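As annotated by Swiss-Prot, domain '4Fe-4S ferredoxin-type 1' applies to 53-83. If you look up Swiss-Prot, you'll see CYS63, CYS66, CYS69, CYS112 marked as [4Fe-4S] cluster 1 binding site, on the strength of sequence analysis. Residues annotated as [4Fe-4S] cluster 2 binding site in Swiss-Prot: CYS73, CYS102, CYS105, CYS108. According to Swiss-Prot, the domain '4Fe-4S ferredoxin-type 2' annotation covers 93-122.
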Amino acid sequence: MEAIKDFFGSLLLTELFKGLRLTGKYFFKRKVTLRYPMEKTPTSARFRGLHALRRYPNGEERCIACKLCEAVCPALAITIESEQRDDGTRRTTRYDIDLTKCIFCGFCEESCPVDSIVETHIHEYHGEKRGDLYFTKDMLLAVGDRYEAEIARRRAEDAPYR
């Protein structure tokens, strides 16, 4: 009896029509997929993307070379070298982040006592070779200078929750 039922089921293509009915059901509904390059998904104020080094309003870089971000980084993606200034303060001579190692956990941003290193909202970056994802101090400062207004706005939005 079961064999006869299977024979007529395959002869009448019932599985095919069940699938077509399901396809037809969703074919005319509103699409939920975003067309990515033209339509962007909104990100939260706490989104962790590309890193940036910030400056004070007078143009001096904020990093005081305390190396807390280097120590707290679980992926060992941050490398810092510093030197002593004439006035006794330390400043960085080298600040590198290897984005191929970085896991974007945000520990570096949380540990920074002067809000020097931040993770921006930028997630659309790429590299054609491995060295393109190795950010130096000058590159990080350039990102910070370019997006300072956006960084400050997002940090102000997030301030009540910190």
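Using the three backbone atoms N, Cα and C, a Cβ is placed for every residue, glycine included.
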*Relative to the Cα of CYS69 ([4Fe-4S] cluster 1 binding site), which of the binding-site residues CYS102, CYS105, CYS108 have a Cα no more than 10 Å away?*
CYS108
*What Cα-Cα separation, expressed in whole Å, is found between CYS102 ([4Fe-4S] cluster 2 binding site) and CYS66 ([4Fe-4S] cluster 1 binding site)?*
20
*Do any residues at least six apart in sequence from CYS63 ([4Fe-4S] cluster 1 binding site), in the same chain, have a Cβ closer than 8 Å to its Cβ, and if so which, in order?*
LEU53, ARG91, THR92, TYR95, VAL114, SER116, ILE117
_Rounded Cα-Cα span from CYS66 ([4Fe-4S] cluster 1 binding site) to CYS105 ([4Fe-4S] cluster 2 binding site), Å_ = 19
*Excluding CYS63, CYS66, CYS69, CYS112 themselves, which residues in that chain have a Cβ inside 8 Å of the centre of the Cβ atoms defining the [4Fe-4S] cluster 1 site?*
ILE64, ALA65, LYS67, LEU68, GLU70, ILE80, CYS108, SER111, PRO113, VAL114, SER116, ILE117
*DSSP residue counts for the domain '4Fe-4S ferredoxin-type 1' (53-83), split into helix, strand and coil*: 5 helix, 9 strand, 17 coil
*asked:* Given a separation of at least six residues and a C-beta threshold under 8 Å, show me what packs close to CYS108 ([4Fe-4S] cluster 2 binding site) in the same chain.
replied: HIS51, CYS69, VAL72, CYS73, ILE78, ILE117, GLU119
*Cβ neighbour count within 10 Å of CYS112 ([4Fe-4S] cluster 1 binding site)*: 20
*Where does CYS102 ([4Fe-4S] cluster 2 binding site) sit in the DSSP three-state scheme?*
coil
